[in-house]
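Taken straight from TrEMBL:
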DOMAIN    50-171  domain 'Creatinase N-terminal'
DOMAIN    353-568  domain 'Peptidase M24'
DOMAIN    582-645  domain 'Peptidase M24 C-terminal'
Amino acid sequence: MKHTKRYLVGISALLVLVVGGGVALGRALNKDDDLMEDTTPKTMDVILTEIRSLMQDYSIEAYIIPSVDAHNSEYISLHDRRYQYVTNFTGSAGTAIITLSKAAFWTDSRYHLQAENEIDPAYWTLMKEGLTGVPTRDEWLLSNLSPGAQVGTDPFLIASTEYERLGAVLAQHGFRLITLERNLVDIVWNNRPPQTAEDLRPLALTYTGQRASEKVQALRVILQENSANALVVSALDEIAWLLNLRGSDIRYNPVFFAYVIVSHGNLHLFTNPDRINDTIRAHFTAEGIVVDVRDYRDILAGIEEYVKGGNRLIVSTACSQALYASIPADQRIQLYSVVAKLKAVKNAVEATGMRRAHIRDGAAVVRYLHWLEQTVDGGNVTELSGAAKLHEFRSEQDMFVDLSFTAISAFGPNGAIVHYSPNEETDLPITRDGIYLIDSGGQYLDGTTDVTRSVHLGEPTDFQRECFTRVLKGFLSLASAVFPVRASGTVFDVLARKALWDVGLDYGHGTGHGIGSFLGVHEYPPSFVSNSASPSNQGVVENMFSSNEPGYYQAGQFGVRIEDIVQVVKATVPYDFNGRGALTFYTNTLVPIQQRLIDRTLLSAAELTQLNAYHRRVMDEVGPLLLQQDDPDAYQWLIEATKEIVAS
């Protein structure tokens, strides 16, 4: 049963924030706001005009609108998509800045093409991060503010580390960053979708492998080690993992809106109290925890109680400025999330579940690729209908709950849009005349999946084959790597890019992201990125899970990406890095790599051997399940798709 609760909108509390030598008085997110009677959609001109009028009321010259919610979530609910409301951009990452006369939107290379298609240049200037000549947000602000100007933002929608960094930059030039008592977008958003509070799902020990009481005890040990009295947990995936509960407040993400405070003697859960029914109370008892349930809006009051008691509290480096500022500096300990570090290392039950989920998911994707090959000539398959068919195949698998994200079903030029999401206006037919990229995943009770395959159902060009094969070479290099314990994710990013770099090609996104166990499809750590200073680059240890996803994108023509989920496992090598310990990867994803797109002359004998061994695994593990599911045609297709590749 669904319960729509509008009071999850915000939290009411008074904050005093000191930034760059100045003091700003504000409160957190707004109190409950009744929806305005007139819910007629507003034009972009009206939205920006109303926001600018409010900016003048608050004496600010610029207003920052990030693409996160109060929990710094990457994927957010419709209720929290403020940046989409003001820009029309539907991607998952970006920052909007509005001044009294200008408006600019920054997004990374994954979304450059998508943003071009969605943002109206009459109102917004698109800033393609990473390109030469594009100013950073800092540079743009500094050049567009008058002397002594103030910049405003919502304290719940900016990480404390970013707030301090930007505040210091602005202060050096005579400007001031402040937090406002109201979110300006919320005030003008008259047809805002309500926030939902869905029923919670207890996750049994069969899937979690560890009781909540054990996880809480591990956190209490960390409190002791840091001479702290309490830990504030604000990331939604961390709360779901800690309590062995799942929700559905954000589409495709099995999380729920909540905060948690763990102390040596208490466990406080701040959420919608109505969702804590007899089933959830019985779950807490079975998990060996006693939970003090409080209203979601009381989180700052809960922190204040610990502060008044003279306690020292740990907060994450990713926590909001609102939470950070509610704790005096001499009582605050800020660390990279200790919960994220624990959660990233899967236990034996979780690791086994992930492997099993990927076998079933592999069967669904194989059935889809076979179906596509057989159906494409009818002319009725499009990006949207194809994605729907894949969803259907997944839904027939045991323990399937939902998708893990909206499928990136992209044909031809749409494949060059890294995080493309088809809609009725962009929906292209899938034909034999181009590359089709399908990036998709499922949420299963025993694991989360994320797989990308690029296929050409006709005759690829030589350039397409070369691009695909160079992506494949990087993919194979990463998958077969042997490395020391706590190796940096930067190492793997370089391995995946080398074959592309050799001929002057590259891709603009990271090479790997962590993934949850029936949790977020993007979780960190680990992180395989070029930036060694990335906070989530914590070093790789056994039983972390990551994606392996190099790619190449030719704007206006095609995109290529190959993505598997890999597990960090022990490796046996002669010298074991002088006792440090050797690790390698085990590939969980079980879907064949299309041979039609491979230029065999570019693969070494070792790479052919590695690919053939992988295909034998796919056949051995997925083939029997296809027969069990009474799909002999897909089984025969798989035999052909995994046949041994011989050197040219």
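Even glycines carry a Cβ here, placed using N, Cα and C.
Automated prediction, rather than curation, is the source of TrEMBL annotations.
Mean pLDDT, taken over the domain 'Creatinase N-terminal' (50-171), works out to 95 on the 0 to 100 scale. Residue counts for the domain 'Peptidase M24 C-terminal' (582-645) under DSSP, split into helix (H, G, I), strand (E, B) and coil, are 37 helix, 6 strand, 21 coil. Taking DSSP states H, G and I as helix and E and B as strand, the domain 'Creatinase N-terminal' (50-171) has 47 helix, 24 strand, 51 coil.
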